[in-house]
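Working notes, beginning with the structure itself.
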Amino acid sequence: MRQLLPGDTVWRNIRLATMDPQRQAPYGLVDNQALIVRGGHICDIVPETQLPVSGDNIHDMQGRLVTPGLIDCHTHLVFAGNRAAEWEQRLNGASYQHISAQGGGINATVSATRACAEETLYLLARERMMRLASEGVTLLEIKSGYGLELATEEKLLRVAAKLAAENAIDISPTLLAAHATPAEYRDDPDGYITLVCETMIPQLWQKGLFDAVDLFCESVGFNVAQSERVLQTAKALGIPVKGHVEQLSLLGGAQLVSRYQGLSADHIEYLDEAGVAAMRDGGTVGVLLPGAFYFLRETQRPPVELLRRYQVPVAVASDFNPGTSPFCSLHLAMNMACVQFGLTPEEAWAGVTRHAARALGRQATHGQIRAGYRADFVVWDAEQPVEIVYEPGRNPLYQRVYRGKIS
């Protein structure tokens, strides 16, 4: 009989999808198990028969499914306003250029966000965060990028920090100052990149406001040379990097990010075999964002088969943002990744657990249920993990556990 220490908490009588690749069963499944939690971490996984029949802090889950807490590794959660009218214009035939000339596009969100009070931004972001948490998300990446000036980029990162401090969720904040060229630098994008590299990155890093630097390397974003300046600046300061790359065209952004051992290359619809090989060599995770693919009615799919062949880890994320992926649902992203991109349900689950953790540099502590990892997990009214992927809109979450506490 397993002896429990005072303060231990146990979840017993569970079907456990560990997502541990060392377990041979699909999803790392093991039946009739119990989880022992101590000090906010998983202490042990033991067979049900090794536990006392009852006791304090022992929760009987009556055979329910338990998985790691979900991880959304790519979001733009903090912004003001929406772009619904712009979307309607596009569907009525207006071009992106026409909408931009009217003040639409990303700079519309930038203007609204700059004008928005910090507390209002917090309340807007918290409501979105709670929607994700209600689906079982326990770790969430949040990018800046709707400030495009020092003061507002800092404001967005402070909101992310407050979300982490005041709610039962982990936040991984990312500086995405190199998201777009702001209106005041329209004719001088190189000058804006200088501002990013010489002012924003070092000053905001010194304040401890972010974990990684991101950029948008694309024909409608920044070119390879401009992107490399951002990567060089970050790496010189010891900051992990990642990139929005190969979404609308093939510029070689994935190879560039991988040369700097990037945490992830995101979107990657136009990724080629050389880029896939570079990602393998750089230890870079591929992050699929099917919401943007769907919303923009794109047709070029990511090279999933090449990613499998080169054994590049693949994550899946919501990319929640007002312009190209207004879907605040990781369950929906999992379903879309299967239906649109051809992932298996097990690959989609890996994409929101252990591979998403790797995309955030948290693979040693998050994304699996195993001894020593954080006690962030979800209890579902379901028998199989595929049920959560299969039916978006139905949420069978029974219990969300964060740092060993029911939340």
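All positions are counted from 1 along the displayed chain.
Here the Cβ of each residue, glycine as well, is placed from N, Cα and C on the backbone.
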Given Swiss-Prot lists Arg83, Tyr146, His179, Gln247 for 4-imidazolone-5-propanoate, the same-site residue among Thr324, Thr344, Thr353: Thr324
Site co-member for Zn(2+) according to Swiss-Prot, given His74, His76, His244, out of Asp170, Asp319, Asp376: Asp319
Once His74, His76, His244, Asp319 are set aside, which residues in the chain still have Cβ within 8 Å of the Cβ centroid of the Fe(3+) site? Thr75, Lys143, Asp266, His267, Leu289, Ala292, Ala317, Phe320, Asn321, Ser325
Arg83, Tyr146, His179 filtered to the binding-site residues whose C-alpha is within 10 Å of His76 (Fe(3+) binding site): Tyr146
Find the one among the binding-site residues Asp319, Asn321, Gly323 whose C-alpha lies closest to that of Arg83 (4-imidazolone-5-propanoate binding site). Gly323
At the level of the C-alpha atoms, what whole-angstrom distance separates Asp319 (Fe(3+) binding site) and Tyr146 (4-imidazolone-5-propanoate binding site)? 14
I want the residues beyond Tyr146, Asn321, Gly323 whose C-beta is within 8 angstroms of the mean position of the N-formimidoyl-L-glutamate site's C-beta atoms, in chain order. His76, Phe79, Arg83, Ile106, Thr109, Gly145, Pro322, Thr324
